[in-house]
Amino acid sequence: MFKNYFKIAIAVLKRRKFFTFISLFGISFTLTVLMVATAFVNKVVSSDYPDLKRDRCLYVNRVEMRNTKEGWYNQSSPSYYLAEHYISTLKVPQKISISSFSRRTNAYVNDKKIFIEYQFTNADYWTVGDFIFLEGKPYTQQQISNAERVAVISESTKKAYFGDVPVAVGKYIEADNVSYRVIGVVKGVSKTMQVYYADLYLPYTVSKTDYKRKSLMGDYKVILLAGTKADVSRMKQEFNAMIAKVPIDNKQYDKMYIHADGAFEDLCRRMVGDGLNSGVFKLVSLVGLVVFLFLLLPTINLVNINITRIMERSSEIGVRKAFGASSRTLVYQFIVENLILTFIGGGIGLIFSILVIYQINALELIPNLDLRLNVSVLLYSLLACLFFGLLSGVYPAWRMSRLNVVRALKS
Amino acid sequence: MFKHLFKLMWNKRKHNFLFLSEILVSFMVIFAISSFLIYYFQNYSKERGLDYEKVWSVSYDESYKTKNSDSLTMYYENLKNVIKALPEVEEVSFSSNNIPYANSISTTSITFKGKSFDGINQYLVGEGYKKVWNMNLEEGRWFTKEDEVAKDRPIVINETLKRDLFGDQSAVGKSTADYEGNKKLKIIGVVQDFKANGDFQPSGRAMFWKVDTAAFRWLNSLLIKVGPKADAAFESRLYKLISNTMKNSSIEITHVSELRISKNEATVMPMIIFSIIAGFLILNVALGLFGVLWYNINKRKGEIGLRRAIGASGSSVSLQLVAESFVLASMSLIVGVFFALQFPLLGVYNVPSAVYLTAILLSVGFIYVLVILCALYPGKQAAAILPAVALHEE
């Protein structure tokens, strides 16, 4: 039966080439935009180098204090003190990564200026994140305790600072007017990976600012790694119980919110949420609304064209109805035909999106961003095709099934 | 004739419902895009009000720790003088970190005649600030050394704020009060508007305070206007000099011209992406309209043949079809304009009404042109229908 539908669909497509072109143009363009957007969202949302253990991690990024009477609030990130003095006491996490947010400074090589983003990290940072070391290795706990001036640099920093040398390990890099010995080179991290993106990684003990300052708010971020997936919820409970006991160090405020969030929750909280609300619902509905509005115009257009095409086929429908085909069969047939059309459009869209993604990667609009059409992106695109096909096929099919047999046959 | 056509179309409104909604949504898309474009263009065509070339910004973090505010002032004044003494440097000024084109914003409000004016960008600046940016003074004067001991704190405001407060009258010498309405602020000068958020954003209200001794505890930006001789080698030397003076601080030197480029990109890039997507959507719609109109005309062969047979000319037939699409488009546009007019009426997003009104006119024009273009070819085809053939088929 499907084979028949397929044959009919192809025959219909060949009959009115102009309409076919309009439909395919609309479908493939719409799906191209959707696929590229999906590839981007997928890049941001899913586990990616070097954040591969995402499902076992919880992220602590913000400290929010509120004065519930006056309505003031103050929001910042955790301090090293909070991470070391309170969070490190937790028993469930296997590893606790502590690192500063990226700061920027300059380095000068042969009178050329390079912008360098650098992070201060602890030793666990290198085991929680799965970095690929092209050369050398990370600094050890011993080196951190000794406050040795050693550095791990990214691939692009090596190229920018040392040029095309085979080995950078053992050389010295001068950034922020301090000289550091390079002990490792890592593969570049995508800029979308905010937690791990930097050009230069340094032991926190060489930080120029006073990292021991006894304040809860500071410039650091913490990642908790659980031993197994099952431990994550236990880890969260332990974290919340511990935070509830931390005294607020500022008398202006009476409530404090510090969350250990999963990766997606953390992303939502950073973008639209606050201490009280994680913003997952807000972000998801916002994205849904944008997608809906974007789909509205192509869908109406396609519905319009589909109706026109069906009306053209009214004699065929009349004959089939007269010979006893039920409305349901006709609706199915039309929806299947429309889905076939959508999938052909989807195929063309896929080719276009590969081209667009190749262009985006080549332009390097975002450092180290390497968009890919992987299995999950393809799966989402397939879903988008199905959704779009149904959306634009159901109403015309319904209109068709209500066609009066006598009038249809008369024409 | 239009009344008659309108009646015809109105009777077929259910049949044309999809066509109508398609035009309506297209109108909304065009309206949104053109509002943005007109708004940005309007801002772009205004004067920049500042000179960003050869201005470098140095950011540092808290480095000199002392409780004594005199030695704190000494320390920073000394740093400033050392830099200013360099032959490549023309002017130096301290500044709060919301320097033009940076991603940092600081706003406040003031109370004037019992009314609160908010959303005022406040800049904490040194004496050299005006010269660093080559700002234009409209009236009054800029800050001098004596202002530190004045009883009422002196401020300089920009044109927009002056117009909001005083209209066409002179502002110099008049006073206003801070956000709580307690402290008196004396206006000593008015400067030309400057577009601190990039070339495509409005300058907004702005107000300048002079740096005082207390401010040195949290200030972390220094602006340097360099001369033509300043090159990368000089920058590297300057960097060394500052880092050696501020031993515990992290230093970053940025060229303001680079900040400006990235600030402008933040406005332009999304606009380009949206315009491309909207362009494709509209092309899509145009093709769709064309197809549907074409089909409709084929279906009405009998009717058209009859009209031709009783003496209508080819051009009047094609005119009828174009006019029909025109009427259809008008029906959608009436609804669309009604919604679009709410934007200027409610003053959404603080965008001047003129922007929305121009955008509405532009979008209405665009939709008419689009619909008529799509109807022209099918109309011409209809004119070519031979009455004998059409009536024979019937």
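We number each residue from 1, going along the chain as drawn.
Using the three backbone atoms N, Cα and C, a Cβ is placed for every residue, glycine included.
Sequence annotations record features per position, and here TrEMBL assigns domain 'MacB-like periplasmic core' to B:27-233.
The domain 'ABC3 transporter permease C-terminal' feature in TrEMBL is assigned to B:276-384.
Annotation source TrEMBL lists transmembrane segment at B:20-41 (among others).
Per TrEMBL, transmembrane segment is recorded for B:271-296 (among others). Long-range Cβ contacts of the transmembrane segment (B:271-296) within its own chain (Cβ-Cβ under 8 Å, at least 6 residues beyond either end) map to 19, 22-23, 26, 29-30, 33, 36-37, 40, 321, 325, 370-371, 373-375, 377-378, 381.
Cβ atoms under 8 Å from those of the transmembrane segment (B:317-341) belong to residues 1-2, 5-6, 8-10, 13, 16, 19-21, 23-24, 27-28, 31, 293, 297, 304, 307-308, 356, 359-360, 363-364, 367-368, 371-372, 374-376, 378-380, 382-383, 385 of the same chain, restricted to positions at least 6 beyond its ends. Residues or ranges marked as transmembrane segment by TrEMBL: B:317-341 (among others).
What TrEMBL records for B:353-377 (among others) is transmembrane segment.
Taking Cβ pairs closer than 8 Å, the transmembrane segment (B:20-41) reaches residues 13, 200, 267, 271, 274-275, 278, 281-282, 285, 288-289, 328-329, 331-333, 335-336, 339-340, 343, 351, 355-356, 358-360, 362-364, 366-367, 370-371 in its own chain, all 6 or more past its ends. The average pLDDT for the domain 'ABC3 transporter permease C-terminal' (B:276-384) in the predicted structure is 85. In terms of DSSP helix, strand and coil, the domain 'ABC3 transporter permease C-terminal' (B:276-384) has 100 helix, 0 strand, 9 coil.
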